Amino acid sequence: MADKIKDAKIIFVVGGPGSGKGTQCEKVVEKYGYTHLSSGDLLRAEVASGSERGNQLQAIMQKGELVPLDTVLDMIKDAMIAKADVSKGYLIDGYPREVKQGEEFEKKIGAPALLLYIDAKSETMVQRLLKRGQTSGRADDNEETIKKRLDLYYKATEPVIAFYESRDIVRKIDSELPVDEVFKQVSQAIDKLK
Ligand SMILES: Nc1ncnc2c1ncn2[C@@H]1O[C@H](COP(=O)(O)OP(=O)(O)O)[C@@H](O)[C@H]1O
Ligand SMILES: Nc1ncnc2c1ncn2[C@H]1C[C@H](O)[C@@H](COP(=O)(O)OP(=O)(O)O)O1
Ligand SMILES: [Mg+2]
């Protein structure tokens, strides 16, 4: 595995729910041709398949909780391998959500070259998620679950940023600005990688 993706850059995209991770990743795909893997999207695909495992995942996600680490990591790893021959870089969106996930990823796959920290105020995230909820059809875009997701973000995911800061790979992105302004910052961080 490590061999197959040895030249591909790995970028972790970390930020609260509704901070704009998915929005920025789409633009990175367009400009840089990186492979975008969203843990949430992978999980929702499993739910949509109607499998027994998908039903269990749905119940967890609806409560705003984290699904088991092994499940997410296996899904990401399989998806990375599937793209290994064509991918020059990977955007890992929504993972790691806790320090342990980062540690396990590095043991099984490899080290990230960059961590994009997509930062927005909690009020901003709530407003964006409530708006997204009007059309997303996502079971977790409702007021009650949003609150739980935010709490979990501050408790479990923010420590991930501190964990990688010591390696100097964290780039903090101000995601309060309009999408294109946010993307300028993202582009600058990626351009510096080369
Ligand atoms: N910079 C921004 N300004 C305004 N709205 C944004 C911005 N970035 C994202 N959004 C909107 O906020 C919502 C959440 O964005 P999304 O990319 O799905 O976030 P995440 O993947 O982090 O949950 C979406 O409806 C999106 O259109
Ligand atoms: N790395 C991960 N570990 C555990 N659960 C995860 C996960 N990534 C996603 N999930 C589950 C729990 C999340 O509340 C839900 C939705 O995730 P998401 O689509 O990444 O949300 P968002 O883009 O709004 O931040 O899926
Ligand atoms: Mg997303």
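Cβ coordinates are placed from backbone N, Cα and C, and glycine is handled just like the others.
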Additional site residue, Leu69, Leu73, Leu177 [criterion: listed by TrEMBL with Gly18, Ser19, Gly20, Lys21, Gly22, Thr23, Arg132 for ATP]: Leu177
AMP site partner of Ser39, Arg44, Glu65, Leu66, Val67, Gly94, Tyr95, Pro96, Arg97, Gln101, Arg149 (as recorded in TrEMBL), chosen from Arg138, Arg167: Arg138
Count of other CB atoms lying within 10 Å of the CB belonging to Lys21 (ATP binding site): 23
Binding-site residues whose CB lies under 6 angstroms from ligand 3, from Ser19, Gly20, Lys21, Ser39, Glu65, Arg97: Lys21
Largest separation between Cα atoms (Å) of residues that the record links to AMP, namely Ser39, Arg44, Glu65, Leu66, Val67, Gly94, Tyr95, Pro96, Arg97, Gln101, Arg138, Arg149: 24
Cβ neighbour count within 10 Å of Ser19 (ATP binding site): 26
Distance from Gly18 (ATP binding site) back to Glu65 (AMP binding site), taken between C-alpha atoms, in Å: 16
